[in-house]
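Noted in TrEMBL for the protein shown:
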TRANSMEM  A:20-44  transmembrane segment
TRANSMEM  A:56-75  transmembrane segment
TRANSMEM  A:113-134  transmembrane segment
TRANSMEM  A:186-205  transmembrane segment
TRANSMEM  A:217-237  transmembrane segment
TRANSMEM  A:257-279  transmembrane segment
TRANSMEM  A:286-309  transmembrane segment
TRANSMEM  A:315-337  transmembrane segment
Amino acid sequence: MLDSVLDGLGILGTSPEMLALFVGFGLVVGVLFGFFGMGGSFLVTPALLMLDYPAPVAVGSGMAFVFGTAVIATLKHHDLGQVDYKLGAIMITGTTIGIEVGRASVYYLESLGLAGALISVAYVVLLGGVGAMVTRDARRGDGSGDIDHEAADKDLSEYEIPEIAKTIQQTVRIPPMVTLRGDVRVSAWVITAVAFATGLLSGFLGVGGGFIRMPAMIYAIGVPVPVAVGTDLFEIVFSGGLGSYLYGQGGGVDLGIVVPLLFGSALGARIGSAATAVVDADGIKVYFGGMLLVGATAVGIGEVGSYIGSPTLEMVGLVLVIGAAVVVAVAILYTSVVSLRTTRKQQAVTAD
Amino acid sequence: MAGLEIPTWDPETALLIGTILLEAVLLYVGYGGLERLFGPRLMAFIVGGEENAR
């Protein structure tokens, strides 16, 4: 009975070694996602590409994984009252069209035999760019563009709207104008444009797009940070669900990949989220930026290996991608345990 | 170029996505329950060493 269920889900088609690898990788990705609130999922698609999965399967399964992760995270943020459903509903239209254009591009490029190479190049540029930006900010001690873990405790009216968002709100006043949580008033067209651009990236790369959409919501629309995080996740539930459905119709979603990844990541996300209460994110952020840069290099090396037919180089790329994620996840866990033990010792000394 | 698609109803794909949705909800509830049951004991073990866990 269990065999037939598992077989029906496509899980038995995956070897036990690969299942263990996906659960373990999911755990690592979950810790990163839970801690940084972003940045885990876009390691999945390049890793699958390096494992020689066809581009539509790598992107489709990556997107289905993002969908599952977003469902879990949205349930949590809903409980905290951090989801703006009006903003999410407006964004869904733009994101849906963007995702569909991105997805159609992947199938078109696949028919030309260019999808794997071009998606890898896009990843190198994106991971490298975001990685360089995060590393630069971390070295300067600037927390901008990142999730403020203390932000969740502030009242929404206490948030200052960034200057660039104020300028956009004052200059782009094309009706209909909408009022969002935190008394933000903005043109629905600005929201739609942000949604389309990030949806395009989601559809093309199989990522949630949160690492671009969240800063875009904060700096282009001007919504408070916790609302940006919660609404982004709510929106990914729909966009990721639709994207997964479309990829699934083309045979691009492999449950043998998604189910074990999600199993590991749901646990990892709880651990990562709990770690935010005890670890200073700025101390870890430089590792996060480094991880993205190593990821970009790894995808580049893997692609060169694939191009010249060198399995060794492809393996080096895969080990670098997974290794970099593991190192940062272990750094978060280690720092958390050390910090907790130090706090406990101090409490014991005070009590004495 | 592969054209833009309007999603059409496909029961097999709906079951596929439904399975992921169900797994996500079950994991949220299941891990949440495990955290409430074993979380404090696990934290005592990690933070205070084995003596505190006992």
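Keep in mind that glycine also has a Cβ here, set from the backbone N, Cα and C atoms.
Curation plays no part in TrEMBL annotations; they are all automatic predictions.
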Short question: which residues 6 or more past the ends of the transmembrane segment (A:315-337) have a Cβ under 8 Å from it?
25, 27-29, 31-32, 35, 40, 43, 46-47, 50-51, 268, 271-272, 274-275, 278-279, 283-284, 287-288, 290-291, 294-295, 297-303, 305
Which listed range (A:186-205, A:217-237, A:257-279) shows the maximal number of Cβ pairs under 8 Å with respect to the transmembrane segment (A:56-75)?
A:257-279
How about long-range neighbours of the transmembrane segment (A:286-309): same chain, 6 or more residues beyond its ends, C-beta under 8 Å?
32, 36, 39, 43, 46, 49-50, 116-117, 120-121, 123-128, 130-139, 315-321, 323-325, 327-328, 331
Outside the transmembrane segment (A:113-134), six or more residues from its ends: residues with CB under 8 Å to it:
42, 45-46, 49, 54-56, 58-59, 106-107, 145-146, 201, 204-205, 211, 285, 288-293, 295-296, 299-300, 302-303, 306-307
Chain residues outside the transmembrane segment (A:186-205) and at least six past its termini with a C-beta under 8 angstroms from it:
42, 45, 59, 62-63, 87, 90-106, 119, 122-123, 126, 168-169, 172-178, 180, 212-213, 216-217, 220-222, 235, 239-240, 243
